[in-house]
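J.: Take this structure first; my questions come after.
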Amino acid sequence: MKIYLVGGAVRDSLLNLPIKDKDYLVVGATPEQMLQLGYRQVGKDFPVFLHPKNQQEYALARTERKIGLGYGGFSCHASPDVTLEQDLLRRDLTINAIAQDEKGNLYDPFNGIEDINARLLRHVSDAFVEDPLRVLRVARFAARFHALGFHIAAETLALMRQISASDELNALTAERVWQEVDKSLGGPHPEVFFEVLHQCGALEVLFPEIFALFGVPQPEKWHPEIDTGVHTLMVLAQAALLTEDKSVRFAALVHDLGKALSPKEHLPKHHGHGQKGLPLIKALCTRLRVPNETRDLALLVSDQHQNVHQAFELRAETIVKIFDKADFWRKPERLTQLILACIADMRGRTGFENNPYPQGEYLTQCFLAANNVDIAAIIAAGFQGAEIKQALNLRRIEAVSQFKQKMQTKLPTDEQ
């Protein structure tokens, strides 16, 4: 019985990155032996055990055989005669197929160390095509290690295209797809994840609403990058620079879905695209089972981002109506999220990357003015029932109007 450290821990150690989780591989043991040693079995489909003291995962060496569609369509064979190399052979990428024994010796039958040094994401074997989840995993690794200079091997990208052209991606569950998206949204370069999916053909299958944006033109005056799909990924990249909030990043990704529905005769203009995108966002979020809070922010950003961009031109009544509709009174953090997504939208354009966004501070101050209206004073003045809400609304509008008048000389555009 031999125990090896495998997978991400070995890879990240070689890259001098922090190690989050440690996974161990056990060669030459049976489930009965593991149980006798005090390990607790947790794997149903294949033998995975938790260490009796530190609760880390120890998996018995195994081989896999494809028997059906999807990432779950495998028959696993675990026995003491499965070798270290046989187990490593079933892994996705060479950089994840390196093992380290208890003395620190490295075992690298598929040249993963060489690929780490070459900054190359390369598949271990042609069995790569048997698991469609690997398309998303490789895209995520490309995004995660983008700053280190990693790129996908041409032959691996070809296999990813092969998977995308088959029916295999459709066999992935919504939960697994969203899990990979969620992990990528939390990384430093989520835009690379979607760039890779676009390159290999998976974006069209899994995210048709986003795929439809590529090739859709925008006015060159405001969008020197022209292509809406390119703009979308630039906005996502800017959102990642602005905040670690994954909901804001997702909202940035889907804020312009409605542009794909603009009539061809109206291009490159996109009137009402924010509202047109709402059903598309709802459909995407329902299909992928996106968390409700993330979905709701995405809908808010799509619906209101044009108003936020034009904040200086809005009447006080309109501003308060937006605050009401978004329920900022109870959820003031959503205003911050909305503004962050709008900053990303503004900066996600060629040549606009470092521009200021005074609309954000302006709307924040409008909200503070409106939110400072004293409800107790309204009640004390004798208002009752529905009158209270009406009086509150009027006083909030008046508060915003007074702030606007005070700011009149400082505004970049005329107030009409």
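For all residues, glycine too, the Cβ spot is worked out from N, Cα and C.
These numbers come from a predicted model, not from an experiment.
In case it's useful when we look at the structure, here is the feature table from Swiss-Prot:
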- Gly8, Arg11, Arg91, Arg137, Arg140: CTP binding site (BINDING)
- Gly8, Arg11, Arg91, Arg137, Arg140: ATP binding site (BINDING)
- Asp21, Asp23: Mg(2+) binding site (BINDING)
- 228-329: domain 'HD' (DOMAIN)
J.: Provide, as an integer number of angstrom, the distance between the C-alpha atoms of Arg137 (CTP binding site) and Asp21 (Mg(2+) binding site).
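T.: Cα of Arg137 (CTP binding site) to Cα of Asp21 (Mg(2+) binding site) measures 17 Å after rounding.
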J.: What other residues of the same chain, not counting Gly8, Arg11, Arg91, Arg137, Arg140, have a CB atom within 8 A of the CB centroid of the CTP site?
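T.: What remains near the Cβ centre is Gly7, Asp92, Leu93, Ile95, Asn96, Phe141.
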J.: With ATP as the bound species and Gly8, Arg11, Arg91, Arg137, Arg140 as its recorded binding residues, calculate the greatest Cα-Cα distance and give it in Å as a whole number.
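T.: Between the outermost Cα atoms of Gly8, Arg11, Arg91, Arg137, Arg140, the distance is 16 Å.
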J.: Around Asp23 (Mg(2+) binding site), which of the listed binding-site residues (Gly8, Arg91, Arg140) come within 10 Å, judging by Cα atoms?
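T.: Cα filter at 10 Å returns Gly8.
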J.: Among the binding-site residues Gly8, Arg11, Arg91, Arg140, whose Cα is within 10 A of the Cα of Asp21 (Mg(2+) binding site)?
T.: Gly8
J.: Which residue among the binding-site residues Arg91, Arg137, Arg140 has the fewest other Cβ atoms within 10 Å of its Cβ, if you could check?
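T.: Per-residue Cβ counts within 10 Å for the binding-site residues Arg91, Arg137, Arg140 bottom out at Arg137.
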J.: Using Cβ-Cβ distances, find the residues under 8 Å from Arg11 (CTP binding site) that belong to the same chain and are at least 6 apart in sequence, listing them in sequence order.
T.: Ile95, Asn96, Ile98, Gly112, Ile116
J.: For the domain 'HD' (228-329), report the average pLDDT of the model, please.
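T.: When the pLDDT values over the domain 'HD' (228-329) are averaged, the result is 96.
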